[in-house]
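Look at TrEMBL and you will find Asp28, Glu29, Asp139 tagged as divalent metal cation binding site. According to TrEMBL, the feature domain 'RNase H type-2' maps to 22-172.
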Amino acid sequence: MEKKRLRCFRLYRNGDIDKNTPVILGIDEAGRGPVLGPMVYGGFYCANVPESNEILKKQIRVNDSKKIASNTRDEMLIKINSTKYKFGICANILTPEYISYQMLKRIKYNLNTISHDTAISIIQHVLSCGYKVEHVYIDTVGIPSAYEKILKTRFPQLNFTVRDCICINKSI
């Protein structure tokens with residue numbers, strides 16, 4: 001199987017966050033286990049300062065994207081982009097072909113492991129940009145404590161909140 005375009009990593013930043021400023025990162029997935037569409041993992045990172053809490057919780061009202069209508073999500077992105085607030089977005093997109101290819105290999109690579117590795121790639125990317133990640137919030141895949149153990153083993157210097165249906169409003 002040709003591996004072209006089976007996986008895609010997209011980035012967006014509306015400005016550079018000072019590299020000395022502590023950063024928080026939230027990661028969630030959409031379309032896990034699709035038959036016809038991609039599995040998309042998204043990461044949103046911003047400075048961990050009181051202004052962030054104010055903008056995310058009160059002005060934009062960040063919540064689980066699956067509970068928000070598509071047009072509302074678009075409005076939220078426009079709203080956050082119109083502020084002077086600096087943030088970054090990473091999207092790791094895995095096609096159904098990529099997922100099938102990985103899961104059908106001789107040495108199995110199950111969907112949970114694919115999901116974990118995809119989230120890890122987002123964390124690694126933000127760290128490799130030189131940001132001082134202080135805390136990572138992740139919507140769990142599998143048992144939260146087991147997932148957190150995997151993450152802490154890989155990134156012992158980071159703090160994690162791993163929950164089912166994580167909502168940044170409740171976590172910050």
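Placed from the backbone N, Cα and C atoms, the Cβ positions cover glycine too.
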For the binding-site residues Asp28, Glu29, Asp139, the largest set of other C-beta atoms within 10 Å encircles the C-beta of Asp139
Local confidence of the domain 'RNase H type-2' (22-172) - pLDDT mean: 82
